[in-house]
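Asks: Sharing a structure below in C-alpha cells format, with a few things to ask.
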Amino acid sequence: MQPGEGYHYDSGPNNAVHPHQLPAGSRLNQYLANNNRQGPSFGPGTPINVNAPVFVPKHQQPQPAQVAAPPPMVNQFAQLSIHDVPHQMIPFGQINGPPTFGPGQHMNHRASHHHQSPQMAQQPPTLQQSAYDRYQLENRGGTTYFYTEPTEAGPDDEQYTEAEAPDGSILVNTPGAFGYNAPLPISHMARFRGKANANLQTQFISPEIRMELINRQLAYDTKADSAIIGDIPHSVEHFSNLVPLEIAGIQSQTTYKAFSCRDGNYYCLRRIHGNRIQHPGKQTHLVEQWKKLVHGNVVPLREVLINCRAFDDSSLIFAYDYYPLAGTLMEKHFDTKSGTFFDPNNGFRISSPMNVSMPISGTGAHETLIWSYIIQIAAALRAIHSSGLACRTLDLNKIITYGNKIMISFCGIQDVLDPDPTTIQQQQNEDLNMFGNLIVALATGRANGWRKDLYQQLKKFIEDTYSMDLRNVIGFLHNNSTRKTINEIMPMIGGRFFTVMENMQAKTDVLEAELSREMENGRLFRLVAKMNTVLERVEHGTDDAWSETGDRFMLKLFRDYVFHQVTDQGKAWLDMAHIVQCLNKLDCGSQEKIEMVSRSGDTQIIIDYATLKRCLDKSFRDLLGTNMMLHR
C-alpha cells in the first residue's frame, strides 16, 4: 500500500501520536489491498462509517458480580434467524472456539474482569486450533490487528456441518423468518405524506395515525368514578369495569363500556331498564340470526342477557363489539360536541381526529359525503335484508362513525322489545323509508327535516343544491306505492361507488405502508434480541468453550460501535439513523468494513459486516446447541 492511497491507522486512542505506515510485504497490507475495491477509503479524520465517528472509549465499565444461573431457558428464539436456513444443534465437540493468543498478545477488554478460574485464564493453544486458523494477527505500533485471509468466497459460502440429534433428543428444523428489505416508504405512498415531516415518517408511524391509536387506547383504559357517575355495579355476569358512554340522566336505555373476563375484550353494553321478558323463546328467536350476521358496516351482536338483576331491577342487556371514540351521526352533524369520550378520572375529553365536529348552519352536508354514507348504509341494509332480517332502528342516533366508516348499531333490540307481526317485506320497506328520512336530514341540516310539514318547505332547497341522482334516490326511498328493494338504488349510485372504493383502497394502502414500516422495526428488534442473547451470558462464565473471545468478542465490540458511540468531547452520540443503518447492514451482510476499538483502546479490529453476521449466526447456533445438550 502506498502512502498516497489515503489509508491511515494509529495505535489506538490512548497512545496514538503519529501514523504508522504498514510495510509493503505485510499480510495486513495485502488484506487491505485485496479489499480496497470493495471497502470505502479511510483517510485521516474521516470516519470509517459515513454517518458514524470511530468509537472512542472513555472508561471501563465494571463487570457486575456473577449470579446464579437462571432456570433452564426454553428455546423460544427459533424464529430469530434472518435467513431461510434451518437451525442446527451443534454438540460440544463441534463448537468453534476463539482465536489463540501468543505471548504478549492479549485482549484487554471487559471480559478479562470476570471471576474466572486460573485454568480459564490460560487457555491451551491447541484447543480447537483448526477453528482459529482463519484469524490473522499483526502488531503494528502497539496495536493488535485481527483480520481474515483474503478470499474470493462470498459471505454465505461458509459451510457448516449438519449435526445429528443424539439419543433422546429431537432435531427440529424451522424455516425461520425470511430476510426482507423493502424500500420504505412505499414509492406510490409518497403523495399521501406531507413534505415537512416526510423524513421523520420514513422510519416511524405517522403522527396522525399514532394519535388516533393512542386516543383509542386511552378510551379503552378509562375507569369509572362513582363520585361523578353514581352507583354502578362492579360486574354484570362476566362483564366488569363498567363505564357509561352517555351523559347520565333519566332515560330508559343506557350504554356502557365493559370488560369481559371470558376473552379479555371490551364490549358495548346496551341496557334496557326494567324490562322483563315474559316469553324468552318467542321474543328472542331472531337473536341467533343477528349473531350470525357479519358485515363491516353493522356492529355485531355478541350476547343477550335476559332479566339481569345486577342493577337491582330486571334489565335486558345487549352486548355488542366496542368501538372506542365512535360517535353518532347526530353528534357529528347536529351537536356542538362530537366524537368525545369523557374520562372522569382527569376530566379530559379525548377527541378522535376522524370525528371532527361538523356544525350545520342552515345548509346540509356536502353531497360527496352524503353519497359516501348512502353507499355504506345501503351495503349494510343489503346484508341485513339478505339474511331475512330488518334493521328497524335506522336513525341519526343509531348510526355511528368510526374513522371514515359508517356502522349501524344496536340491531336486534326492537325484535326483542317489540316483535312485529307484519311480514318481513313490510319491515324492510320501512327500513328504506327511514333511510330516505336519514338522507333528507343530512341534506337539509335539520334532524327532523323529513317531517311532511318541513319537507315541503325544504324541498326547493334540495332541488337547487343537490344533483338529480340524489333527488331520485330520496324520491325512490319515500315512494310507498310500489314494492322496492335495496338493490334497486344501485343504478342510481352509479360511478360514485367506484369513488368510494378508490378512497377505501387509498386508506388501505396507507395502513399497509405503516404496517410494513412496523414490520421492519420488528425485524431489527429480533436482530438486537439475537445479539444480546449471545453476549455476556452469566451461566457460561466458567466454560472455556464459551469465553467471550473470538466471535463473541467481535460482537461485543460491534455492540459498542453501534450503541456506545461518543463525540470528540466525550459526550454520548445518540443517532437513531446510525443505529438503524448499522443493524440493516449487519442483517444483509454488507461487504462494507468498519473499524472497531476495544474499550481499553489497545485493540483495533477492521472487519466487514458479512463476517460479523457469520459470527452472530454461529454464536447463536452454538448457544442453541449448548442449551439442547444441557437439557436433554
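The backbone N, Cα and C atoms fix where each Cβ goes, and this holds for glycine too.
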Asks: From 1-22, 155-176, which range did Swiss-Prot mark with region 'Disordered'?
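Replies: That would be 1-22, the stretch labelled region 'Disordered' in Swiss-Prot.
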Asks: Between 183-221, 495-533, 573-611, which stretch does Swiss-Prot give the note coiled coil?
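Replies: So the range that Swiss-Prot calls coiled coil is 495-533.
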Asks: How many other Cβ atoms sit within 10 Å of the Cβ of ALA326 (ATP binding site)?
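Replies: There are 24 such Cβ atoms around ALA326 (ATP binding site).
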Asks: Taking helix as H, G and I and strand as E and B in DSSP, count the residues of the region 'Knob domain' (534-632) in helix, strand and coil.
Replies: 55 helix, 13 strand, 31 coil
Asks: For ALA326 (ATP binding site), what is the secondary structure by DSSP, using just helix, strand and coil?
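Replies: Its secondary structure by DSSP: coil.
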Asks: Across all chains shown, how many C-beta atoms besides its own are within 10 angstroms of the C-beta of PRO324 (ATP binding site)?
Replies: 21
